[in-house]
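Trainee: According to Swiss-Prot, the record shows the following:
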MOD_RES   LYS6  N6-acetyllysine
COMPBIAS  15-37  compositional bias 'Basic and acidic residues'
MOD_RES   SER18  phosphoserine
MOD_RES   LYS26  N6-acetyllysine
MOD_RES   LYS30  N6-acetyllysine
MOD_RES   LYS31  N6-acetyllysine
MOD_RES   LYS34  N6-acetyllysine
MOD_RES   SER53  phosphoserine
MOD_RES   CYS64  S-nitrosocysteine
MOD_RES   CYS92  S-nitrosocysteine
ACT_SITE  TYR170  active site
MOD_RES   LYS196  N6-acetyllysine
MOD_RES   THR232  phosphothreonine
SITE      HIS308  site 'Interaction with DNA substrate'
MOD_RES   CYS309  S-nitrosocysteine
Amino acid sequence: MPKRGKRAAAEDGEEPKSEPETKKSKGAAKKTEKEAAGEGPVLYEDPPDQKTSASGKSATLKICSWNVDGLRAWIKKKGLDWVKEEAPDILCLQETKCSENKLPAELQELPGLTHQYWSAPSDKEGYSGVGLLSRQCPLKVSYGIGEEEHDQEGRVIVAEFESFILVTAYVPNAGRGLVRLEYRQRWDEAFRKFLKDLASRKPLVLCGDLNVAHEEIDLRNPKGNKKNAGFTPQERQGFGEMLQAVPLADSFRHLYPNTAYAYTFWTYMMNARSKNVGWRLDYFLLSHSLLPALCDSKIRSKALGSDHCPITLYLAL
């Protein structure tokens with residue numbers, strides 16, 4: 001990913017979150033070195049996949065979601081190799097930064113994922129963008145949330161299947177200095193209403209980079225980030241209101257309510273990933289009627305290729 005100056009980052013509102021630096025004693029510094037080397041409790045280990053539901057039904061659907069931070073760069077970093085090995089039934093991508101007429105040819109080589117749908121801004125090359133790739137042809141596909149103010153940046157794809165509706169989203173970042181926080185709040189309200197309407201028709205699966213760490217357990221340094229994009233009271237409240245109003249359940253926290261150090265994003269700065277100084281910004285949210293079908297919700301923290309890692313959902317439908 002090319003380095004961007006502060007001015008450009010503030011304008012586009014997509015500046016990666018930075019962690020506040022704190023002075024460390026020699027003892028603390030040694031502890032940090034040990035943790036970075038994997039000797040402390042800080043690193044997250046993805047447990048073995050659970051491929052049956054609570055009632056014993058075997059998983060029939062595997063969905064993966066990944067903010068790739070640029071399709072072309074992600075492919076160069078062997079992101080497609082991971083997808084081929086993971087072999088999802090549906091793959092959702094965010095921050096593709098690629099218009100549909102410039103999609104890399106390698107995407108056509110993905111085994112089975114022949115039904116491909118893309119959305120990108122019409123006037124901003126190399127910005128935002130989402131993709132949805134599926135083995136099965138959806139019954140219906142639509143783009144955006146039906147409001148002009150929010151449908152200019154290629155952030156949402158909706159795919160309807162027989163037993164559920166899948167929404168993949170790249171939610172707007174409030175930006176460095178919170179320059180887009182007011183816009184983000186308008187988005188949150190409109191998105192919530194949109195999802196509630198969808199959920200009234202069929203059970204809903206929402207996945208993607210939702211650009212908020214919901215609770216303090218969902219980021220490494222909560223105290224230092226309460227005024228930073230992704231952890232403001234307004235964004236956290238908006239997320240909570242969405243969970244209640246639609247309603248939706250956080251699949252990872254449903255299964256792992258107290259699991260700490262489970263993050264999906266790490267800034268490129270300050271060796272954040274090796275120290276696991278991260279944020280959980282990527283989610284699979286489910287209608288409550290789908291919870292009996294939930295087998296597992298995974299964070300593939302060892303998969304490289306972006307400043308986010310992929311997440312995987314198993315359902316027994």
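Glycine is no exception: its Cβ is also placed from the backbone N, Cα and C atoms.
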Trainee: Sort out the sequence-distant neighbours of the residue listed as 'active site' for me: same chain, 6+ apart, CB within less than 8 Å of its CB, listed by position.
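Mentor: When sequence neighbours closer than 6 are ignored, the residue listed as 'active site' has ASN67, GLN94, GLU95, SER128, GLY129, VAL130, GLY154, ARG155, VAL156, GLY208, ASP209, ASN211 within Cβ distance under 8 Å.
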Trainee: Looking only at LYS196, HIS308, which of these recorded positions has the biggest number of Cβ atoms within 10 Å around its Cβ?
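Mentor: The residue with the most neighbouring Cβ atoms within 10 Å is HIS308.
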Trainee: For LYS196 (N6-acetyllysine), which of the modified residues SER53, CYS92, THR232 has the nearest Cα in space?
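Mentor: Smallest Cα separation from LYS196 (N6-acetyllysine) among SER53, CYS92, THR232: CYS92.
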Trainee: May I ask which of the recorded positions THR232, HIS308, CYS309 is closest to CYS64 (S-nitrosocysteine) if we compare their C-alpha atoms?
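Mentor: Comparing Cα positions, the closest of these recorded positions turns out to be CYS309.
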Trainee: Return the member of SER53, CYS92, THR232 nearest to CYS309 (S-nitrosocysteine) in space, with distance defined Cα to Cα and candidates limited to these modified residues.
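Mentor: Minimum Cα distance from CYS309 (S-nitrosocysteine) across SER53, CYS92, THR232 lands on CYS92.
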Trainee: Looking only at C-alpha atoms, tell me how far HIS308 (site 'Interaction with DNA substrate') is from CYS92 (S-nitrosocysteine), rounded to the nearest Å.
Mentor: 13
Trainee: When you measure from the Cβ of CYS309 (S-nitrosocysteine), how many other Cβ atoms are you left with inside 10 Å?
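Mentor: The answer is 24.
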